[in-house]
Amino acid sequence: MAALGRASSSAPVLAAAAAVLLSLCLAALSEEQEQLENLRFVRHAQDAPLVSSYNYIVIGGGTAGCPLAATLSEHSRVLLLERGGLPYANMSSEQHFTDALADTSPASPAQRFISEDGVVNARARVLGGGSCLNAGFYTRASNEYVRAAGWDARLVNSSYRWVERSLVFRPDVPPWQAALRDALLEVGVTPDNGFTFDHVTGTKIGGTIFDNSGQRHTAADFLRHARPRGLTVLLYATVSRILFKSQDGVPYPVAYGVVFSDPLGVQHRVYLRDGDKNEVIVSAGTLGSPQLLMLSGVGPQAHLEAHGIEVIVDQPMVGQGVADNPMNSVFIPSPVPVELSLVQVVGITRSGSFIEGVSGSEFGMPVSDGALRWARSFGMLSPQTGQLGTLPPKQRTPEALQRAAEAMMRLDRRAFRGGFILEKILGPVSSGHVELRTTDPRANPSVTFNYFREAEDLERCVHGIETIERVIQSRAFSNFTYANASVESIFTDSANFPVNLLPRHVNDSRSPEQYCMDTVMTIWHYHGGCHVGAVVDDDYRVFGVQGLRVIDSSTFKYSPGTNPQATVMMLGR
């Protein structure tokens, strides 16, 4: 990429537009999700008995836990424990958004956290998990990934198909997304693979969990397929530890139940029923699963003892190998209005970078006042939650966020025209770790991802940035760029956003390597911490204990495909 020049006159427009990305991430509640409120097996944790028993206890009602619990309920009695609530239930879009930002309500669908690397992130806290908050893109893992994981290809494909029948749609591709697709092909991200769920090199249109009316569907929808008498779902249930016991003739500690608290602080105990096949299954995600294992005494001995936790099993690899695929983004102001769209097109390059885009003339949220209109509200990639905005992360107090939102609502509508082209790398090779900050299960653990620690990751990012530069200059994308805006000024404007807590390198000439490191963000594809072969075996049983498995993204060494939710759902099935 050529040297990136001085900030251009488009900076105010860019700053305004960057304030309001991905509002569809908090889109309207689908009919299926509304029906969840009426399912008799979904209850509040406060209504649970103090003592109960089940064949399976699944901890975490997220992207893996929901399909897992629904499947197990076909032949067993299953308890699904979710620390959050129903997706968007009993809450207006505005209130849901405000609670998510302030992060003070137990109904908030996400907890914000800042990694030790200085990158602002979010952790889902809602039935359906990350599928309630993400950009909705659906694509499978590659055949090579499936083989490397040692999975049964037939079972994998049948499980993907089960997910797709329930949840996945073909998107209507608006002109901005079509231009991105054509531009990727023009600059050599070939071949044109059309519409497909498969992960193949080239440019394609993927699936989406948004239906044709724009309503989001989530992993919580899978619970409609559960056997009602086989499943109990408890909301706002925070699991504090897994219970272990010694058993005659068994060489390892045996998991036999869990302890959880309801919002009033009342502790409840759930036990496994007698039977060799009954199990506790942790599906609490990349942060939650290793955190809960450590809180339960399964983890690095010295670290557990430092927190006063009784060590059940010294398992030094719990919490290790945690990785997050770094994302870098460029905002391209548009001279013409641009339809609202989330990720629909992806360019899978041969160099190991993936190119996607999101757009919107107002980046608005659908609200109803007798007629459908779009309010300028702000989604999960907004400055309030820590991504593409002008408000520095350390200044994101609820009061400051409210002032920023009010100011943005007064901006000229033209300031919101344009779209972001995103670059994410394969892998990554760099990894870090999760550690306990406290023994409070409600608190986020300490997370270090070590973005770009390995040179291979940085090289892939540079290739991705160079691809985006060519896309911006392509003939196919010319209708959505200002003729007088240089690539250098566009990149410089994006580089000046305080999207993380890292030191800024403001100068007249910025290398693509520096751009990658200065503007790194998360795309919420973090994984690892309970790797297969290190913490769990090939059947996801935790080493050193019995009756305990981990089924979620924490078992992945690398992120599958361009976007992992399809594979996490498949794994749960």
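Each residue, glycine too, has its Cβ placed from N, Cα and C.
All TrEMBL annotations are machine predictions without curation.
Sequence annotations record features per position, and here TrEMBL assigns signal peptide to 1-30.
For VAL239 (FAD binding site), the number of other Cβ atoms no farther than 10 Å from its own Cβ, over all displayed protein chains, is 25. According to TrEMBL, the FAD binding site annotation covers VAL126, VAL239, TRP524, HIS525, PRO564, GLN565.
Under DSSP, the residues of the domain 'Glucose-methanol-choline oxidoreductase N-terminal' (285-299) split into helix, strand and coil as follows: 11 helix, 2 strand, 2 coil. The feature domain 'Glucose-methanol-choline oxidoreductase N-terminal' is assigned by TrEMBL to 285-299.
What TrEMBL lists as disulfide bond is CYS461-CYS516.
Between the alpha carbons (Cα) of VAL239 (FAD binding site) and CYS461 (disulfide bond) lies a span of roughly 38 Å. On a Cα basis, CYS516 (disulfide bond) lies 17 Å away from TRP524 (FAD binding site). In the predicted model, residues of the domain 'Glucose-methanol-choline oxidoreductase N-terminal' (285-299) average a pLDDT of 98.
Separating the Cα atoms of GLN565 (FAD binding site) and CYS461 (disulfide bond) is a whole-number distance of 22 Å. Here the CA atom of VAL126 (FAD binding site) lies 32 Å from the CA atom of CYS461 (disulfide bond).
Cα of HIS525 (FAD binding site) to Cα of CYS516 (disulfide bond): a distance of 17 Å. Each residue contributes its Cα atom, and for VAL126 (FAD binding site) and CYS516 (disulfide bond) these two points are 32 Å apart.
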